[in-house]
């Protein structure tokens, strides 16, 4: 029966090619073909072979109420035959499926099938040829029986689909009975009945879902015409029929895969008012349809998994890391905006926000990237536009696991208060929000939660409540191996960088000094390692021994301080470390002195109690200062001139306190001298001082005045007075004592030792500045005072370039001391010889070979001060004598135990140091790099085949630095460079070498910039494929990150190359 019905359908839709001959119009050819096919179908049905199909067809024709035998419209007559055949097929397959289901669920057959045989196929399974015939029949049915009766703007018109659509539009007669809406209703209802069979529903929904939805929308929701305009031939539908169409539409939307439904609704809703790029005008959807589609989309959005369906519908097929950011932005704005159809904004956000958070938990890499972008953008937009709802429905669930760590219920007796999965998911979600915020802010495409470059106050406030808990978790991860360490560190750094300075300082003070509430977590609980590499929040085992408990407490406090200092060490471009250092200094100096005789007994008791509580905080403060001074460099603690001034102010305050007590010692004198020397250095032009810096220096006037009046040494008094005068005049008055103090402070360490070996008529002074030991009256003329100070300095103080006073003798001394076993002496000698070469001293030029051997020998020294000074000397030599020195350095770099230099036993470390010298020398070449760099490229390429992986990585790093400077001279070497890098990326086992190879490509693209498409024309495709191979296949995260950065650099270069920036230029053209 199935075959007979499909055979009849194939006869009905069979094309007749003869109708296209004879110069007839397309409408006439179409009508002629339809008529001939119907006649042929009737003839074949009368035959014996299709007798079963004819009987079923007549039975169904008698049951349906919509069949119109006397219609004058040939196309509708054809559509009715198609509808009858499809109904027969659907009902026949339904009966077969029912019988098959009963046979499967009934008693077991007498002969069961062997386990190795396949299960029987359902009877509704169609062959490929049958599916093709059925698909063609459905296409004819939709084209002739559905699309012509859609209103203007509802769905895509036939004329825009194909040239055949125009012929169909001219062949349909809408004036003949039955009415158009009745025809449309008949077609839709038959298609819905056919789609009840699963095998037929697939063909209907995959190809004609949009048309079916458009028809149901028109039948159920299109406004009725006024009663005066309704005629007998165009009567509308009844209320019950319109209601059934609406129910059918809701049922259809619930059956189909939701992303497909959303796509079709968006297509029906439309949005473009203008025509397409090809010039074809698109009819805009009517207002009622746009409103209906908006309502249906809102319903899809708030239902379970509706947000995921919307995101999939819009972003499906957009790609992975290179997906459209604008599309993600649009989706996020849709999710963050409450629809007009929603009666309550609270209800909308309460249903959507949990689904937005669920978008952060996908495991698939490509899908996760897209969903995280949309979720982060939507979440932070909601927090910005709707702070109350954002806090309740987004931030509170986001930080729920961390908040539970701060407040565990008292009746909770479970061992694991917060499981590992919840804690890990919470930290990772916060990290993802922070990460995507940073990326979007960098690219200036999606302004997530930034208004005026200021992060959302709600986000910072909510995150600030759980930062102590995140810090406690970070301290735990520093003691154990956990994948939560990096996310916790990034979250803390992001918060400290974006919150206000006062809030950040208060937080750091609480974490280090006061250490309130045990780090923010509930007392009696602690973080413990878990099986998946994360952490879980469990009850703490009680410690019986008091000594052990005290040890654990002190160790925990010290560990927290160390973790804070490590965080500050990562903030290299921030002023927060210096501000926190100064705040601790000021807090340490704050100690109120109150006369106990004026206090009552109660006040005295309270004061003593507070002092006892504050001793622990005082010790924690001193410990924090000590750790910061030991671990953080001074360039991080004192980055700005204002911070240096604050630091000096603290030292001067301490000196004034010592003067008041009369207990100043040697250390205090040296500290005071160093502080005043720093101020003198600032005033002498070591840094460009601004108006704000001078304003901050006014705080030093009072302590400097006290020092100038009360210090026992006259030289210190004089310098304090001069510094105070220079600050008060903002540098207009600059006496010579200030300059002398600045020069003395900048004198290299160990210069006093070397100066004692020089023949000098005046002994060197031992004070911190070269001022005459006797007091100089304040009424003395400044010029005379300057002259005396200058003369004293010339007589007794050596300048930073000590080789300029007695060149020949001093140079010989430096050569001897460069072999001294004392490390400071040797280092100072090497630096002095380097300075002599830099200044072009005649003796240094003549001793070129001797200096080269001396520097090479000092490369083997184990102390970093010595071999770094030797490397700097080699760089200066190479800059002065490039041809000779570079040749020698290349020979030393390529030396190995099998060559003639094996007797020297050159170690691996020494070769790496020579490579560092070559790299620095290549940087100093500048425009001469193309001339002198060719031999270096060859040496580095040969070094990539070295047996040791460290040498291979070093050669690649040096090669990357050098290739940045070669520019167009790199062309002849491009192919060889590409082969080398590609081979190392794909075959090298050592991860450091692979990272270095990828880093070379990144440096190459960054150095060439816009010239890369010209210089690397022949190898650019190979480099791109190599980078994509790393992203897809390499297991090392660092290499993948470097490859992604290189791909971004290449993307920006190619965008500028393909789409150059448009410039408006004025041109003068001489017309002929």
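Backbone N, Cα and C define each Cβ position, glycine as well.
Residues annotated as compositional bias 'Polar residues' in TrEMBL: 758-770.
Here TrEMBL flags 777-788 as compositional bias 'Basic and acidic residues'.
The domain 'TANGO6 N-terminal' annotation in TrEMBL covers 3-300.
What TrEMBL records for 301-574 is domain 'TANGO6 HEAT repeat'.
The domain 'RNA polymerase II assembly factor Rtp1 C-terminal' feature in TrEMBL is assigned to 812-928 (among others).
As annotated by TrEMBL, domain 'RNA polymerase II assembly factor Rtp1 C-terminal' applies to 1020-1051 (among others). Looking at the domain 'RNA polymerase II assembly factor Rtp1 C-terminal' (1020-1051) alone, the prediction's average pLDDT is 89.
The region 'Disordered' annotation in TrEMBL covers 738-805.
With helix defined as DSSP H, G or I and strand as E or B, the domain 'RNA polymerase II assembly factor Rtp1 C-terminal' (812-928) counts 95 helix, 0 strand, 22 coil. Counting same-chain residues at least six beyond the ends of the domain 'RNA polymerase II assembly factor Rtp1 C-terminal' (1020-1051), those with a Cβ under 8 angstroms from any Cβ of the stretch are 321-322, 978, 981-982, 985-986, 991, 994-995, 998-999, 1001-1002, 1004-1006, 1012-1013. Residue counts of the domain 'RNA polymerase II assembly factor Rtp1 C-terminal' (1020-1051) by helix, strand and coil are 29 helix, 0 strand, 3 coil (DSSP-based).
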